[in-house]
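The following features are taken from Swiss-Prot:
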| type | residues | note |
| --- | --- | --- |
| MOD_RES | 39 | N6-acetyllysine |
| MOD_RES | 78 | phosphoserine |
| MOD_RES | 123 | phosphoserine |
| CROSSLNK | 134 | SUMO2 cross-link |
| BINDING | 143, 146, 202, 205 | Zn(2+) 1 binding site |
| MOD_RES | 152 | N6-acetyllysine |
| REGION | 365-412 | region 'Disordered' |
| MOD_RES | 391 | phosphotyrosine |
| MOD_RES | 394 | phosphoserine |
| MOD_RES | 395 | phosphoserine |
| MOD_RES | 409 | cysteine methyl ester |
| LIPID | 409 | S-farnesyl cysteine |
């Protein structure tokens, strides 16, 4: 005899735990024929047991779970649904879903309601300085007039059509010895499992058991919080009878800032300076996220290259829950060059004397051809006239393989 944790399902089919697949199928067909509702209307529950037992034992994975861990293995390994809760309750005692430990159940075993997610837009200043704000929400709460019963005491009756389950189980025969079990929401009680006569319904909630209520939440946005971070209000979501309320979850959405961009705890900004500032030093002031006026100085004689980045330590974002520690501020410099012909030609020689010497031009032996540099507008394409057309006569394959994006000046 095979060593298994539980034999109840084998006993239902009347086979030993070591039964083969053919033995299981043979036993199932014999019992299904004997207890089919069309032939034996009073044996509906027995037929469900037989179908369930065969469904588990004919599936190698489910059978292995059942053989090794018994009923508990099926409870923890099953996803539920399809009327499984009723069958488990009938065969083993206690529903399937009470053992699942998933999000639909709270720690105390009560069914748990859904969480309510709301976006909360915040500025970068809010995330830097912290902020307290009030948020108005509408949610369902239990009716105080009927204490969430929907009517006066004793008026609520179990739905006779679905026996209080909220769903109806239907069995459809697919072929001789093969059936399909289906469930649908009970139309008599709209899936609630209960019915209330219209004359006995609560006047305040009209039998719905809940009413709408406006809730004001005080929201604390702490310093250093980030885009996508969540603020949770436990148990503040919609209420329902016999259900533990879910949570209200606020999802922070950072609005774009006109000066700063955030990267973790660091801040980035771009600042434009002129050529004279890049060569001779500069000083500028900007307003930080906490309204402080920050003065940035750069000494004469130290050159700022176009596109280079300098850092100011400790002027980034505060760390979440450790606001006295801050990230850094990175400033990228956009050096603005003067317009064409900005200086009198007579002064150019004086300027050249002040700048570093030109590199020596090597002597070229042989014939040379002088060309002219022209302005290039990248938005209008490369042009090129006939020379470009001739160049494009090469095959598409060669073109796609070797013609990458044009080389651009590198800025560091």
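Every residue, even glycine, has its Cβ placed from backbone N, Cα and C.
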Neighbours of 143, 146, 202, 205 excl. site residues, C-beta within 8 Å of centre, Zn(2+) 1: 144, 145, 147, 148, 149, 150, 151, 201, 203, 204, 206, 207, 208, 209, 210, 211
Distance check against residue 152 (N6-acetyllysine) for the recorded positions 39, 123, 134, keeping those with Cα within 10 Å: none
Whole-number Å value for how far residue 123 (phosphoserine) lies from residue 143 (Zn(2+) 1 binding site) (Cα to Cα): 38
Recorded positions compared (39, 134, 152) - the one with the fewest other Cβ atoms within 10 Å: 134
Other CB atoms within 10 A, centred on residue 202 (Zn(2+) 1 binding site): 21
C-alpha spacing of residue 202 (Zn(2+) 1 binding site) relative to residue 134 (SUMO2 cross-link), in angstrom: 33
Distance, residue 39 (N6-acetyllysine) to residue 146 (Zn(2+) 1 binding site) (CA atoms, angstrom): 46
